[in-house]
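Heads up, the thing below is written out as structure tokens.
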Amino acid sequence: MDTEAIGLAIAFFVIALAYAAVGQAGASGYIAAMALSGFSPLAIKPTALALNLMVSAIGTAQFLKVGQVSWRNVYPFAILGFPASALGGSVHLPERVYHPVLGLILVVSAIQMARSALRKSALVITIPKTPPLHAALITGAVIGFVSGTTGSGGGVFLAPVILFKNWGTAHQTAATTAVYNLMNSTAALIGACASWNALPNFLPWWLIAVAAGGSIGALIGSRYLSASWLRVILSVLLMVSGLKLLW
């Protein structure tokens, strides 16, 4: 591997570790890192989805192991999210549109997450509500299409919605978004099959890097991080990634 590929492998390891700790797979971080390295959207999208798929699979397995996945909370978002993500995966945005759109969405999500983390009421344990089916179906479909179009997996957008609507605790949200990421990344990668030939030759090494980082992060997030810290860390990650894509 050349110096740039090694540097990205290290960056991907750190990104996967940090994101997996909060139930995310890191697609927005991978996208930001590759965009800053000069990769085209045609290569960024399938690569980010492949890396996202690896980490979300590890995260899902870890959350299943500790019994934190509630399928009642997952399937309403996935029913329409999966096909919508596959449809979005087949859509290719030009670079001048791709980066600002994704960056803006991430910044808005970060602000909402930060407000939730800093409010005293957000740190008080409350009984979460079960997501209403119709609302979850619409949310899953919209986020699925947007995430498929941008190559971001979707969990990074779904988490703020779940927490804001009190549809789950911080740990339940992390578990739900890990599964949602896995399903939507798979669907979007299938939808983006036309750009598979743009995948970098270094992808296998990057997959190993994110697998290692994701394993460590998922273990930390599922067992050791408090609910308030999960919110704070996720908001910071969202803001940094969004600002990098905007500027």
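Note that the numbers count up from 1, one per residue, in the order the chain is shown.
From the backbone N, Cα and C atoms, a Cβ is placed for every residue, glycine too.
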Q) Pick from 74-94, 95-115, 179-199: which range does Swiss-Prot record as transmembrane segment? A) 74-94
Q. By a Cβ-Cβ criterion of under 8 Å, what residues six or more beyond either terminus of the transmembrane segment (227-247) are in contact with it?
A. 18-19, 21-24, 28-29, 31-32, 35-36, 99-100, 102-111, 113-114, 116-117, 122-123, 125, 156, 159-160, 163, 169-171, 173-174, 221
